[in-house]
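Trainee: This structure is in structure tokens; I'll ask about it shortly.
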Amino acid sequence: MSKALKGDVPVSSSFEEKMKALEAARLQIEKQFGQGSLMKLGKDDAVQGVEVIPTGNILLDEALGIGGYPRGRIIEIFGPESSGKTTLALHAVAEAQKRGGIAAFIDAEHALDPQYAKDLGVSVGDLWISQPDTGEQALEIAESLVRSGAVDIIVVDSVAALTPQAEIQGDMGDAHVGLIARLMSQALRKLTSIINKSKCTLIFINQLRMKIGIMFGNPETTTGGIALKFYSSVRIEVRKVETLSRGDEEAWGNKVRIRIVKNKMAPPFRKVETEILFGKGFSAFSCLLDAAVKQEIIEKKGAWYAYREEKIGQGRDNAVGFLQQNMDITLEIERAVRTKLFPKQAFISSFQEHRPALSLEASPEESDAKTLRRXASRGAGASSSRVQEGSAANDHFQDESTTAKLL
């Protein structure tokens, strides 16, 4: 068939000729830029299933819509002081390490507590840590780690502490307008493509600042300009709701509200209210109980909780205590919840650090019904005092001064 000319570009008059022209263009592109530079979506492994790193909180996994933090993407966690931002990031590090991943922590604030990280389940002896002097150094280290292709998760704590070299070399009181914003914008442009190829999850922790002269609307904003807002696939806001205590007792935790402000992987603006226990992080058993009730795997009638028609406790604290004391049943419930929420994901328990030798391959039918009844009776008569979470700390860790690997 004949072709009409539009300038110097031939316009094909049939579908077959268009496809031939497109194939010739594809071959030329691949010759110039390499194999896989142009492909059809859904073919030639152009798009694979989204790989994730669980958050350590099954309720937050559900709110994110895909079961955790997506690999190969940039995540921003922000909020007021002492709201739980670093706790969220350390839980993600622990979950990545459980799955055999390599984690790095860029401590720009020079404030990471190894003991607290250990208590949250982080293998401190396997964690790579850097405490850079300048923001440029921190971001160059992050880029080098991403380019290596060997690191699964990197945490930068925090954006506000990425002090530009010009500011460090200057005097106190000197005005340095927009230096962090320019630094972040340049770094993120370089990092975006290599992060996706390396399947590394890069988490930026950020602080809040107040805008000057704002009369209407929310005066709060995050540091580092707006580049991070654009490049982040997921933005998570963490805020403290209340301090957890009973009467005159000493406070033992915080209740926090986690809101998904931006989500390119699933619908955004979902909210989760959860507990963070001092020195222990997420109340994992409480989160599992709430998720199981929501998915109707555990039945709640009045104050009683029941699993497979067997009562496991009267009141929330007693039901949580039952889960802590019966890890076989806890893993059954966790498997059922995760299978229902994320059927395509392989099951790896978030509780394996509590009982490392436990086999995760046992079917739900293999649990001992007598154990269920016996432990349920204990749970029903247990005291209603607050149930403490089981510690995940390993007693055989080395001294803190020698465990962290310095870059």
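The backbone N, Cα and C atoms fix where each Cβ goes, glycine too.
Okay, these came from Swiss-Prot:
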- G79, P80, E81, S82, S83, G84, K85, T86: ATP binding site (BINDING)
- 377-386: compositional bias 'Low complexity' (COMPBIAS)
- 358-407: region 'Disordered' (REGION)
Trainee: Where does S82 (ATP binding site) sit by DSSP, helix, strand or coil?
Mentor: coil
Trainee: Other than its own, how many Cβ atoms are within 10 Å of the Cβ belonging to S82 (ATP binding site)?
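Mentor: So the number of other Cβ atoms within 10 Å of S82 (ATP binding site) is 10.
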Trainee: Report the residues of the chain - excluding G79, P80, E81, S82, S83, G84, K85, T86 - with C-beta within 8 Å of the mean position of the site's C-beta atoms, for the recorded ATP site, in sequence order.
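Mentor: Checked against the 8 Å cutoff, the neighbours are V238, R239, K240.
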Trainee: Please identify, from the binding-site residues G79, P80, G84, the residue with the sparsest Cβ neighbourhood, meaning fewest other Cβ atoms within 10 angstroms.
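Mentor: Ranked by other Cβ atoms within 10 Å, the binding-site residues G79, P80, G84 bottom out at P80.
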Trainee: What are the non-local neighbours of T86 (ATP binding site), defined as same-chain residues 6+ apart in sequence with CB under 8 A from its CB?
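Mentor: In sequence order, the residues whose Cβ lies under 8 Å from that of T86 (ATP binding site) (at least 6 apart) are L112, D157, I205.
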Trainee: A 10 Å Cβ contact count, applied to the binding-site residues E81, S83, K85: which residue has the minimum?
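Mentor: Taking E81, S83, K85 as the binding-site residues, the minimal 10 Å Cβ count falls on E81.
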